[in-house]
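Reading through the structure tokens given below for one structure.
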């Protein structure tokens with residue numbers, strides 16, 4: 001049993017990484033909107049099980065090949081071409097994730113600032129470009145300049161606590177706001193035609209393979225049995241949190257659910273505003289984890305050595321400048337999630353771990369323990385090709401920053417909703433959370 005403190009923090013950190021894409025947790029109600037509630041839940045469970053299986057399969061492949069990183073595993077099995085393909089995917093996934101982080105930060109915190117007295121829609125704090133730039137300069141860039149990911153452990157744990165807070169807020173609003181919004185037509189249909197695109201979004205939300213070897217090596221006893229136990233608990237916890245959040249969010253807004261569920265809440269909803277604040281802070285604190293991965297990929301491909309201090313700063317600045325520039329120019333989150341899910345998450349979860357294991361194991365592809373990896377490769381190729389095609393042919397409409405029609409309805413005003421928070425309570429809550437995040441950053445050794 002993993003009873004020591006080091007193992008507990010490894011579990012906590014890995015769980016946070018498993019659901020660390022907080023803006024992707026916010027996109028899961030949108031995935032249910034695409035797939036249909038019953039079928040979407042089934043797909044969510046299937047993606048969770050496949051994620052759990054492929055994470056363990058990845059470490060099995062590492063043990064068979066004697067390697068201790070995802071890139072080394074692929075290079076040992078498929079040579080330099082395989083290494084380049086994986087490096088491209090490993091760079092693409094966190095890079096697009098960082099773009100998504102910035103888009104969500106701009107969408108979320110602008111609405112938070114508009115609840116401050118004197119800050120209206122025309123105020124600079126309500127301008128998404130300004131908010132993205134300031135959050136980058138003040139928070140994400142300084143945190144991303146850390147060379148050691150372990151120093152971000154406390155911040156990541158705080159992000160997990162904020163995740164649970166947000167889930168509770170969404171559940172409360174499902175009970176208080178949901179009954180006042182009429183469901184859309186076919187809101188409870190078993191399945192919808194664009195369910196394949198939902199698989200990409202779900203996979204994007206669950207992927208954590210690029211960090212698996214790092215966490216495996218941090219265990220005090222890095223055995224396959226211990227790793228399997230940590231993985232089952234971590235992915236299982238993530239699946240439960242994701243399911244509760246997705247169902248609560250979708251059941252509140254049904255067919256009106258957007259790529260970021262917090263875009264659905266009314267601007268004068270103080271409890272939702274507090275949730276947006278926690279949401280934005282969680283995104284800001286997990287941004288550096290993705291930057292760490294992209295920087296490591298570039299370092300391994302182009303330098304193949306430890307970066308000097310100047311190189312470290314230069315590459316970090318380049319990565320953040322590029323992703324910030326793109327996020328300033330583009331603001332449609334749903335399409336970004338679908339493309340990244342199909343382009344990078346599906347290959348990294350379904351295809352590559354299975355292909356490496358099959359190449360290293362003995363026997364035919366369709367015999368005994370090789371059967372499931374073979375099925376995953378075929379399934380992954382189908383979902384990847386179909387998802388990309390459907391995203392290109394049937395792009396989702398983006399309604400960024402639009403106040404939903406039901407917010408003007410007096411029956412859905414925050415004055416009629418229980419559990420409301422007045423402006424004073426909200427202000428003190430924001431100060432408290434800001435203090436906690438600032439203390440966590442300052443206490444990093």
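The backbone N, Cα and C atoms fix where each Cβ goes, glycine too.
Note: TrEMBL annotation is automatic and uncurated.
Looking at 231-253, 415-437, the stretch flagged in TrEMBL as transmembrane segment turns out to be 231-253. Sequence-distant contacts of the transmembrane segment (123-143), counting only residues of its own chain at least 6 positions beyond either end whose CB sits under 8 Å from a CB of the stretch, comprise 101-102, 105-107, 109-110, 113-114, 116, 152, 155, 280, 284-285, 287-288, 291, 316-317, 320, 324, 327-328, 331, 401, 441. Listed as Cβ neighbours of the transmembrane segment (313-336) (distance under 8 Å, sequence separation of 6 or more from its ends, same chain) are residues 23, 27, 30, 95-96, 98-104, 106-107, 128-129, 132-133, 136, 140-141, 144-145, 258-260, 291, 294-295, 298-299, 307, 391, 395-396, 398, 400-401. Relative to the transmembrane segment (273-293), the listed stretch 80-103 leads the set 80-103, 195-219, 231-253 in CB pairs under 8 A. By number of Cβ pairs under 8 Å, the transmembrane segment (231-253) is matched best by 37-59 from the list 37-59, 80-103, 155-175, 195-219, 372-394.
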